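Straight from TrEMBL, the features:
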- 1-38: domain 'Potassium channel' (DOMAIN)
- 17-39: transmembrane segment (TRANSMEM)
- 60-85: transmembrane segment (TRANSMEM)
- 74-150: domain 'Potassium channel' (DOMAIN)
- 97-114: transmembrane segment (TRANSMEM)
- 126-146: transmembrane segment (TRANSMEM)
- 184-217: region 'Disordered' (REGION)
- 206-217: compositional bias 'Polar residues' (COMPBIAS)
Amino acid sequence: GYGHTVPLSDGGKAFCIIYSVIGIPFTLLFLTAVVQRVTIHVTRRPVLYFHVRWGFSKQVVAIVHAVLLGFVTVSCFFFIPAAVFSILEDDWNFLESFYFCFISLSTIGLGDYVPGEGYNQKFRELYKIGITCYLLLGLIAMLVVLETFCELHELKKFRKMFYVKKDKDEDRVHIIEHDQLSFSSIADQAAGPKEDRKQNEPFVGPQSSTHPDGSAG
């Protein structure tokens with residue numbers, strides 16, 4: 001939120017809180033679903049194609065692909081839009097336009113620069129809709145680039161440095177407990193049918209043994 005448009009009444013503030021509590025999680029779910037599907041087609045399949053089709057190393061292909069994807073994203077969503085904003089906004093230079101793109105797509109959103117605020121601007125409503133689409137697509141592109149870099153093998157090794165390592169004794173205790181539970185469950189399962197079979201069988205008393213002469217033993 002840039003902060004240049006704010007609710008003034010108590011009802012407007014309450015509605016803004018409720019709307020944000022519901023809207024932000026759904027927005028995150030939407031972005032996560034879209035980024036996962038885009039990453040499959042933009043990152044994983046091209047890397048796998050060059051690795052399988054041409055026999056290149058998968059790590060090298062992933063690094064080159066991540067750098068190229070980052071360069072294309074920065075060009076398409078930072079430099080080119082900054083040049084466009086510097087032309088459409090009368091009092092913005094290229095640095096201020098690039099600053100707006102960075103602050104917006106990094107979700108900082110300070111609100112000190114907001115495009116389309118001049119009422120004498122031509123096609124102002126269409127301009128606002130275009131800015132909204134640009135911000136949404138740019139945010140998705142930024143998340144795809146971050147996901148691509150996070151999948152690099154070198155960054156995965158770097159992230160493992162900050163993970164909490166488990167003690168070997170704790171792991172052994174967990175394995176023993178798991179094995180004991182598994183064996184006990186197997187024994188219970190095996191004993192269950194036997195007990196049911198015994199309950200279903202008719203009661204049989206001790207058989208009396210008879211001698212050849214006919215006398216009971």
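Glycine is no exception: its Cβ is also placed from the backbone N, Cα and C atoms.
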### Message
If you count every Cβ pair below 8 Å, which range out of 60-85, 97-114, 126-146 shares the most with the transmembrane segment (17-39)?
### Response
126-146
### Task
Using a Cβ cut-off of under 8 Å, list the residues of the same chain at least 6 residues beyond the transmembrane segment (60-85) that approach it.
42-43, 46-47, 50-51, 92, 94, 97-98, 100-102, 105, 115, 134, 137-138, 141-142, 144-145, 148-149, 151-154
### Query
On the 0 to 100 scale, where does the mean pLDDT of the domain 'Potassium channel' (74-150) fall?
92
